[in-house]
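Right, one structure below, let's go through it.
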Amino acid sequence: MSSVQEFLQGVAKSWTHQSWSVRLLRLWLGITFTYAGIDKALDGGFLNPDATTYIGKQLAGFAQQSPISPLLNKMVEHATLVGAGTMVGEIAIGLATLFGVLPFLAAVAGAGLSASLWLSSTFYTTPYFLAPDTAYLIMWLVFALSVMPRKRTVSRVLNVDRRGAIGIGVVGALSIAFASLGNFFARPAKIAFSAAKVVTKQGGGAPTNAIVAISDLNVGSALQIKLTSGDPGILIRTATDAVCAFSAVCTHQGCTVDYDQASKELICPCHGARFDPLQNGKAIAGPTRAALTEIPVQISGEYIVSS
Ligand code: FES
């Protein structure tokens, strides 16, 4: 019997010996995690440090409000590696679950990933049932219990026979192939606006409340500013004679939003909240309904000033 036949036979067998409730759980978890990894691969910005959806920005945002902030800050230093690992890891966990390859280990890894996502991004979500990560954590634990080998010897758990080795090879190769293919066909990255510094031109008769000379902010551009509260803010020139400014603190869980020049929206890298600067910072998508705090600014002569 060829290796492929042997592998496919193992996959079929792994499904026939399970109850319908376990099959349903397995199907849902396997498809969802595979999809989550491929979706990251298809996001051209996920591994691009200049993009609004860059994993490093997400981690930095999570670190602002997480019980494992020190660990997340360390991960920011290796963000691209962490992102690539998460992407391939999610696909591998999903495929291993669907194919029945090391199912117990895949379930434990899925539970671990869900727990880390919960600690990183949704730990303070209230009520707790609005956070999907806790639900996934419980689902993985239930699945792990249902596929746990009765005799938990190393060889049983690791399934180190010929069929197990073929399965590991297939899952590993497909995970890397899907991640690479996803990157190849990825959606274009949304590049974040970034200002190297806050510009405050106050020489030559500028008013004391001047933020920046109007000539230094092109129409359609934005400037990161610091608010008197110490919070980050963002100033946008929406038209030749129109400006607006907002607190850049996301109203969901406090990450810092960026201005996306292509969509003309303020986007949160953490959970994808979107705000419309032309509608007073109204939340138009994502997990929050609260608008960004608007900061009063206006054009006065040659300057944009706080009013
Ligand atoms: S912090 Fe969750 S969407 Fe911004």
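Even glycines carry a Cβ here, placed using N, Cα and C.
Copied over from TrEMBL, here are the features:
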- 209-306: domain 'Rieske' (DOMAIN)
- 91-119: transmembrane segment (TRANSMEM)
- 125-145: transmembrane segment (TRANSMEM)
- 165-186: transmembrane segment (TRANSMEM)
Of the residues in the domain 'Rieske' (209-306), how many are helix, strand and coil by DSSP?
6 helix, 48 strand, 44 coil
Beyond the flanks of the transmembrane segment (91-119) by 6 or more, those residues with Cβ under 8 Å of it:
7, 10-11, 13-15, 26-27, 29-38, 41, 66-68, 131, 133-134, 136-137, 140-141, 143-144, 147-149, 157-159, 164, 167-168, 170-172, 174-175, 178-179
